[in-house]
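Colleague: First, the structure itself, so that you have it in front of you.
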Amino acid sequence: MPLRLHKLIWLFFAAFLLAFMWLFLNFGLCTDEIRELELKDRHTRVIEGQLARLQKQRDKLLKDLEYERQKQANPDTSDLPIIYVITPTYARLEQKAELTRLLYTLQHVINLHWIVVEDSETKTQLVTRFLQKSKLSYTHLNVPTPEEYKLAATDPNWLKPRGVLQRNAGLKWLRDNFNPSTGKGVVYFADDDNTYDLLLFEEMRFTRKVSVWPVGLVGYLRYERPVVKDGKVMGWHTYWRPERTFAIDMAGFAINASLLFKRSEAKFSIHVKRGGLESEFLTSLGVTLDDLEPKADGCTKILVWHTRTEKSSLKNEEKMIRKYGQGSDPMIEV
(Lines of atoms letter the chains of each structure in order from A and count residues from 1; the text may use other names and numbers.)
(Lines give C-alpha, C1' and ligand atoms only; values in the text may rest on other atoms or scores of the structure.)
Protein backbone atom coordinates (compact mmCIF):
# COMPACT_ATOMS: atom_id res chain seq x y z
CA MET A 1 0.00 0.00 0.00
CA PRO A 2 2.67 2.62 0.88
CA LEU A 3 4.48 1.77 -2.35
CA ARG A 4 1.38 2.33 -4.47
CA LEU A 5 0.74 5.66 -2.70
CA HIS A 6 4.29 6.68 -3.31
CA LYS A 7 3.90 5.95 -7.03
CA LEU A 8 0.65 7.87 -7.16
CA ILE A 9 2.30 10.87 -5.56
CA TRP A 10 5.09 10.78 -8.17
CA LEU A 11 2.61 10.34 -10.99
CA PHE A 12 0.58 13.29 -9.69
CA PHE A 13 3.70 15.40 -9.38
CA ALA A 14 4.86 14.47 -12.90
CA ALA A 15 1.43 15.22 -14.34
CA PHE A 16 1.33 18.54 -12.50
CA LEU A 17 4.80 19.42 -13.74
CA LEU A 18 3.92 18.54 -17.34
CA ALA A 19 0.69 20.53 -17.10
CA PHE A 20 2.56 23.51 -15.66
CA MET A 21 5.18 23.36 -18.38
CA TRP A 22 2.47 23.14 -21.06
CA LEU A 23 0.65 26.14 -19.61
CA PHE A 24 3.87 28.11 -19.24
CA LEU A 25 5.05 27.42 -22.76
CA ASN A 26 1.69 28.17 -24.34
CA PHE A 27 1.04 31.21 -22.18
CA GLY A 28 4.59 32.50 -22.82
CA LEU A 29 4.23 32.10 -26.60
CA CYS A 30 0.88 33.83 -26.52
CA THR A 31 2.37 36.69 -24.55
CA ASP A 32 5.21 37.10 -27.06
CA GLU A 33 2.79 36.99 -29.96
CA ILE A 34 0.52 39.54 -28.33
CA ARG A 35 3.48 41.79 -27.58
CA GLU A 36 4.64 41.47 -31.21
CA LEU A 37 1.15 42.24 -32.48
CA GLU A 38 0.95 45.29 -30.22
CA LEU A 39 4.29 46.55 -31.54
CA LYS A 40 3.17 46.00 -35.12
CA ASP A 41 -0.11 47.76 -34.43
CA ARG A 42 1.69 50.71 -32.85
CA HIS A 43 4.13 50.86 -35.77
CA THR A 44 1.22 50.71 -38.23
CA ARG A 45 -0.49 53.64 -36.48
CA VAL A 46 2.74 55.67 -36.67
CA ILE A 47 3.10 54.93 -40.39
CA GLU A 48 -0.56 55.77 -41.00
CA GLY A 49 -0.06 59.10 -39.22
CA GLN A 50 3.01 59.88 -41.26
CA LEU A 51 1.19 58.89 -44.45
CA ALA A 52 -1.74 61.15 -43.58
CA ARG A 53 0.63 64.09 -43.05
CA LEU A 54 2.40 63.35 -46.35
CA GLN A 55 -0.94 63.18 -48.14
CA LYS A 56 -1.87 66.59 -46.73
CA GLN A 57 1.47 67.98 -47.86
CA ARG A 58 0.94 66.41 -51.30
CA ASP A 59 -2.53 67.93 -51.59
CA LYS A 60 -1.16 71.35 -50.64
CA LEU A 61 1.66 71.06 -53.18
CA LEU A 62 -0.81 70.03 -55.89
CA LYS A 63 -2.98 73.03 -55.09
CA ASP A 64 0.05 75.34 -55.15
CA LEU A 65 1.18 73.80 -58.43
CA GLU A 66 -2.24 74.27 -59.99
CA TYR A 67 -2.30 77.87 -58.78
CA GLU A 68 1.10 78.54 -60.36
CA ARG A 69 0.03 76.80 -63.56
CA GLN A 70 -3.07 78.97 -63.82
CA LYS A 71 -1.07 82.07 -63.00
CA GLN A 72 1.42 81.27 -65.75
CA ALA A 73 -1.36 80.41 -68.18
CA ASN A 74 -3.02 83.76 -67.51
CA PRO A 75 -0.24 86.02 -66.22
CA ASP A 76 -0.68 89.71 -65.57
CA THR A 77 2.18 90.94 -67.72
CA SER A 78 1.01 94.49 -68.27
CA ASP A 79 3.83 95.97 -66.20
CA LEU A 80 6.59 93.69 -67.47
CA PRO A 81 9.07 95.13 -70.00
CA ILE A 82 8.95 93.44 -73.39
CA ILE A 83 12.12 91.63 -74.42
CA TYR A 84 12.87 92.33 -78.08
CA VAL A 85 15.07 89.54 -79.40
CA ILE A 86 16.87 90.39 -82.65
CA THR A 87 18.07 87.30 -84.52
CA PRO A 88 20.03 87.50 -87.78
CA THR A 89 19.74 84.34 -89.87
CA TYR A 90 20.87 83.09 -93.26
CA ALA A 91 20.01 80.18 -95.56
CA ARG A 92 21.92 76.95 -94.91
CA LEU A 93 21.14 73.30 -94.35
CA GLU A 94 21.04 73.71 -90.59
CA GLN A 95 18.97 76.91 -90.54
CA LYS A 96 15.56 75.43 -89.76
CA ALA A 97 17.01 73.13 -87.11
CA GLU A 98 18.78 76.07 -85.44
CA LEU A 99 15.68 78.26 -85.54
CA THR A 100 13.54 75.43 -84.17
CA ARG A 101 15.80 74.98 -81.16
CA LEU A 102 15.77 78.71 -80.46
CA LEU A 103 12.01 78.90 -80.94
CA TYR A 104 11.37 76.25 -78.32
CA THR A 105 13.37 78.32 -75.85
CA LEU A 106 11.65 81.61 -76.66
CA GLN A 107 8.19 80.03 -76.41
CA HIS A 108 8.75 79.75 -72.66
CA VAL A 109 9.50 83.47 -72.21
CA ILE A 110 6.55 85.78 -71.54
CA ASN A 111 6.33 89.30 -72.99
CA LEU A 112 8.76 88.64 -75.81
CA HIS A 113 8.82 89.87 -79.40
CA TRP A 114 11.09 88.06 -81.85
CA ILE A 115 12.61 90.10 -84.68
CA VAL A 116 14.01 87.66 -87.24
CA VAL A 117 16.08 89.27 -90.00
CA GLU A 118 17.12 87.21 -93.00
CA ASP A 119 20.35 87.85 -94.88
CA SER A 120 18.64 87.68 -98.26
CA GLU A 121 17.21 89.75 -101.10
CA THR A 122 13.70 88.53 -100.27
CA LYS A 123 11.98 86.78 -97.40
CA THR A 124 12.29 83.05 -97.93
CA GLN A 125 9.34 80.68 -97.81
CA LEU A 126 11.11 78.49 -95.27
CA VAL A 127 11.44 81.24 -92.67
CA THR A 128 8.04 82.72 -93.52
CA ARG A 129 6.24 79.41 -92.91
CA PHE A 130 8.35 78.72 -89.85
CA LEU A 131 7.41 82.00 -88.18
CA GLN A 132 3.74 81.69 -89.11
CA LYS A 133 3.59 78.42 -87.17
CA SER A 134 5.71 79.68 -84.27
CA LYS A 135 2.84 81.07 -82.11
CA LEU A 136 5.20 83.87 -81.08
CA SER A 137 4.79 87.60 -81.45
CA TYR A 138 7.28 88.29 -84.24
CA THR A 139 8.50 90.59 -86.98
CA HIS A 140 10.03 89.18 -90.16
CA LEU A 141 12.55 91.36 -91.98
CA ASN A 142 15.22 90.87 -94.62
CA VAL A 143 18.30 92.72 -95.82
CA PRO A 144 21.18 91.24 -97.86
CA THR A 145 24.84 91.53 -96.94
CA PRO A 146 26.99 92.75 -99.88
CA GLU A 147 29.07 89.93 -101.34
CA GLU A 148 32.38 91.60 -100.43
CA TYR A 149 31.44 91.44 -96.74
CA LYS A 150 30.29 87.83 -96.71
CA LEU A 151 32.44 85.02 -95.40
CA ALA A 152 33.70 82.50 -97.93
CA ALA A 153 33.05 78.82 -97.20
CA THR A 154 36.65 78.33 -96.04
CA ASP A 155 36.93 81.58 -94.02
CA PRO A 156 37.13 81.41 -90.21
CA ASN A 157 34.07 82.82 -88.43
CA TRP A 158 36.01 85.71 -86.91
CA LEU A 159 37.44 87.04 -90.20
CA LYS A 160 34.56 89.42 -90.97
CA PRO A 161 31.73 90.84 -88.87
CA ARG A 162 28.52 88.88 -89.41
CA GLY A 163 24.87 89.85 -89.07
CA VAL A 164 25.70 93.57 -89.03
CA LEU A 165 23.10 94.86 -91.48
CA GLN A 166 20.53 92.44 -90.12
CA ARG A 167 20.93 93.70 -86.54
CA ASN A 168 20.76 97.28 -87.81
CA ALA A 169 17.50 96.45 -89.60
CA GLY A 170 16.13 95.21 -86.29
CA LEU A 171 17.23 98.42 -84.56
CA LYS A 172 15.55 100.51 -87.26
CA TRP A 173 12.31 98.58 -86.83
CA LEU A 174 12.42 99.27 -83.10
CA ARG A 175 13.01 102.97 -83.62
CA ASP A 176 10.04 103.04 -85.98
CA ASN A 177 7.68 100.97 -83.83
CA PHE A 178 8.64 101.31 -80.16
CA ASN A 179 7.55 104.32 -78.12
CA PRO A 180 9.92 104.87 -75.18
CA SER A 181 7.53 107.30 -73.52
CA THR A 182 4.73 104.74 -73.22
CA GLY A 183 6.47 101.37 -73.40
CA LYS A 184 9.15 99.49 -71.51
CA GLY A 185 11.51 97.27 -73.43
CA VAL A 186 14.86 95.50 -73.47
CA VAL A 187 16.83 94.62 -76.61
CA TYR A 188 18.88 91.43 -76.90
CA PHE A 189 20.83 90.12 -79.88
CA ALA A 190 20.34 86.34 -79.99
CA ASP A 191 22.17 84.46 -82.73
CA ASP A 192 20.27 81.44 -84.01
CA ASP A 193 23.02 78.95 -83.18
CA ASN A 194 23.60 79.80 -79.51
CA THR A 195 22.13 77.96 -76.51
CA TYR A 196 20.17 79.90 -73.90
CA ASP A 197 19.07 79.21 -70.34
CA LEU A 198 15.55 80.52 -69.67
CA LEU A 199 16.81 82.27 -66.55
CA LEU A 200 18.87 84.57 -68.77
CA PHE A 201 15.78 86.34 -70.06
CA GLU A 202 14.46 87.09 -66.60
CA GLU A 203 17.91 88.33 -65.60
CA MET A 204 17.86 90.90 -68.43
CA ARG A 205 14.21 91.92 -68.25
CA PHE A 206 14.61 94.87 -65.89
CA THR A 207 17.78 96.26 -67.46
CA ARG A 208 18.06 99.95 -66.60
CA LYS A 209 20.75 100.75 -69.16
CA VAL A 210 23.05 97.85 -70.12
CA SER A 211 23.13 94.49 -68.36
CA VAL A 212 26.04 92.08 -68.81
CA TRP A 213 26.89 88.44 -67.98
CA PRO A 214 29.34 85.67 -68.93
CA VAL A 215 29.20 83.68 -72.17
CA GLY A 216 30.35 80.06 -72.22
CA LEU A 217 32.45 78.33 -74.88
CA VAL A 218 33.69 81.48 -76.57
CA GLY A 219 37.06 82.97 -77.49
CA TYR A 220 38.69 79.51 -77.35
CA LEU A 221 38.12 79.64 -73.57
CA ARG A 222 35.71 77.88 -71.24
CA TYR A 223 34.01 81.25 -70.90
CA GLU A 224 34.50 84.99 -71.22
CA ARG A 225 33.04 87.31 -68.62
CA PRO A 226 33.09 90.76 -67.08
CA VAL A 227 35.39 91.02 -64.07
CA VAL A 228 33.25 92.34 -61.22
CA LYS A 229 34.36 93.92 -57.96
CA ASP A 230 31.96 95.33 -55.38
CA GLY A 231 29.13 95.09 -57.89
CA LYS A 232 30.96 97.05 -60.60
CA VAL A 233 32.54 95.88 -63.84
CA MET A 234 36.28 96.54 -63.60
CA GLY A 235 37.56 94.70 -66.67
CA TRP A 236 37.22 91.60 -68.81
CA HIS A 237 38.21 87.96 -68.52
CA THR A 238 39.22 87.26 -72.11
CA TYR A 239 42.38 86.19 -73.89
CA TRP A 240 42.11 88.37 -76.99
CA ARG A 241 42.59 92.13 -76.49
CA PRO A 242 41.24 92.46 -72.95
CA GLU A 243 42.09 96.20 -73.14
CA ARG A 244 39.02 96.78 -75.34
CA THR A 245 36.52 99.10 -73.66
CA PHE A 246 33.84 96.42 -73.94
CA ALA A 247 35.57 93.09 -74.55
CA ILE A 248 32.28 91.26 -74.64
CA ASP A 249 30.50 88.80 -76.93
CA MET A 250 27.25 89.73 -78.68
CA ALA A 251 25.40 87.21 -76.50
CA GLY A 252 26.74 88.78 -73.31
CA PHE A 253 24.69 91.97 -72.97
CA ALA A 254 21.24 93.53 -73.32
CA ILE A 255 20.27 97.20 -73.56
CA ASN A 256 17.28 99.20 -72.43
CA ALA A 257 15.32 100.09 -75.58
CA SER A 258 15.19 103.76 -74.59
CA LEU A 259 18.93 104.06 -75.34
CA LEU A 260 18.16 103.70 -79.04
CA PHE A 261 16.29 107.00 -78.94
CA LYS A 262 18.82 108.91 -76.88
CA ARG A 263 21.45 108.06 -79.50
CA SER A 264 19.30 107.76 -82.61
CA GLU A 265 22.28 107.24 -84.95
CA ALA A 266 23.89 104.45 -82.94
CA LYS A 267 24.24 101.21 -84.89
CA PHE A 268 26.66 98.45 -85.78
CA SER A 269 29.42 99.19 -88.29
CA ILE A 270 30.25 96.82 -91.12
CA HIS A 271 33.71 98.41 -91.36
CA VAL A 272 34.71 97.70 -87.78
CA LYS A 273 37.98 95.96 -86.97
CA ARG A 274 38.00 92.35 -85.86
CA GLY A 275 36.48 91.91 -82.41
CA GLY A 276 35.29 95.50 -82.21
CA LEU A 277 31.65 95.09 -83.24
CA GLU A 278 30.15 95.00 -79.76
CA SER A 279 32.54 97.53 -78.25
CA GLU A 280 31.97 100.18 -80.93
CA PHE A 281 28.21 99.72 -80.77
CA LEU A 282 28.07 100.20 -77.01
CA THR A 283 30.40 103.18 -77.28
CA SER A 284 28.12 104.72 -79.93
CA LEU A 285 25.27 104.48 -77.41
CA GLY A 286 27.29 106.58 -74.95
CA VAL A 287 27.73 103.68 -72.54
CA THR A 288 30.57 103.59 -69.99
CA LEU A 289 31.79 100.85 -67.66
CA ASP A 290 29.92 102.54 -64.81
CA ASP A 291 26.65 102.00 -66.69
CA LEU A 292 27.04 98.22 -66.82
CA GLU A 293 24.80 96.11 -64.59
CA PRO A 294 26.37 92.73 -63.73
CA LYS A 295 23.84 89.89 -63.81
CA ALA A 296 24.04 86.11 -63.33
CA ASP A 297 25.15 86.23 -59.70
CA GLY A 298 27.88 88.81 -60.16
CA CYS A 299 28.83 87.35 -63.55
CA THR A 300 29.69 83.97 -62.05
CA LYS A 301 26.94 81.86 -63.66
CA ILE A 302 26.91 80.74 -67.31
CA LEU A 303 23.43 81.19 -68.80
CA VAL A 304 24.30 81.35 -72.51
CA TRP A 305 26.70 79.28 -74.59
CA HIS A 306 28.29 80.24 -77.90
CA THR A 307 27.60 76.86 -79.47
CA ARG A 308 27.98 76.04 -83.16
CA THR A 309 26.35 73.23 -85.09
CA GLU A 310 28.68 71.13 -87.19
CA LYS A 311 28.25 71.78 -90.90
CA SER A 312 26.37 68.94 -92.54
CA SER A 313 28.07 66.86 -95.21
CA LEU A 314 26.05 65.76 -98.24
CA LYS A 315 28.78 63.69 -99.87
CA ASN A 316 26.48 60.69 -100.23
CA GLU A 317 23.83 62.57 -102.21
CA GLU A 318 25.83 62.34 -105.45
CA LYS A 319 26.72 58.73 -104.65
CA MET A 320 23.02 57.96 -104.24
CA ILE A 321 22.28 59.40 -107.67
CA ARG A 322 25.10 57.46 -109.32
CA LYS A 323 24.27 54.20 -107.58
CA TYR A 324 20.47 54.27 -107.36
CA GLY A 325 19.53 56.83 -109.98
CA GLN A 326 18.05 59.34 -107.56
CA GLY A 327 18.91 61.25 -104.42
CA SER A 328 16.84 62.90 -101.71
CA ASP A 329 13.69 64.70 -102.80
CA PRO A 330 14.62 68.42 -103.03
CA MET A 331 10.98 69.36 -102.41
CA ILE A 332 11.11 68.02 -98.85
CA GLU A 333 11.97 70.93 -96.57
CA VAL A 334 14.85 70.25 -94.21
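Cβ atoms are placed via backbone N, Cα and C, with glycine included.
Because TrEMBL annotations are produced automatically, they should be read as predictions rather than curated entries.
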Colleague: Which of Asp59, Asp119, Asp329 shares the UDP-alpha-D-glucuronate site with Pro88, Thr89, Tyr90, Arg162, Arg167, Asp191, Asp192, Asp193, His306, Thr307, Arg308 per TrEMBL?
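Modeller: The candidate from Asp59, Asp119, Asp329 that TrEMBL ties to UDP-alpha-D-glucuronate along with Pro88, Thr89, Tyr90, Arg162, Arg167, Asp191, Asp192, Asp193, His306, Thr307, Arg308 is Asp119.
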Colleague: With UDP-alpha-D-glucuronate as the bound species and Pro88, Thr89, Tyr90, Asp119, Arg162, Arg167, Asp191, Asp192, Asp193, His306, Thr307, Arg308 as its recorded binding residues, calculate the greatest Cα-Cα distance and give it in Å as a whole number.
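Modeller: Output for UDP-alpha-D-glucuronate binders Pro88, Thr89, Tyr90, Asp119, Arg162, Arg167, Asp191, Asp192, Asp193, His306, Thr307, Arg308: max Cα distance 20 Å.
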Colleague: Using DSSP, would you call Asn316 (site 'Interaction with galactose moiety of substrate glycoprotein') helix, strand or coil?
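Modeller: For Asn316 (site 'Interaction with galactose moiety of substrate glycoprotein') - judged by DSSP and reduced to three states - the answer is helix.
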Colleague: Roughly how many angstrom lie between the C-alpha atoms of Asp191 (UDP-alpha-D-glucuronate binding site) and Glu278 (active site, proton donor/acceptor)?
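Modeller: Here the two Cα atoms are 14 Å apart.
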Colleague: Distance between Glu278 (active site, proton donor/acceptor) and Arg162 (UDP-alpha-D-glucuronate binding site) at the Cα atoms, whole Å?
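Modeller: Per the Cα atoms, Glu278 (active site, proton donor/acceptor) and Arg162 (UDP-alpha-D-glucuronate binding site) stand 12 Å apart.
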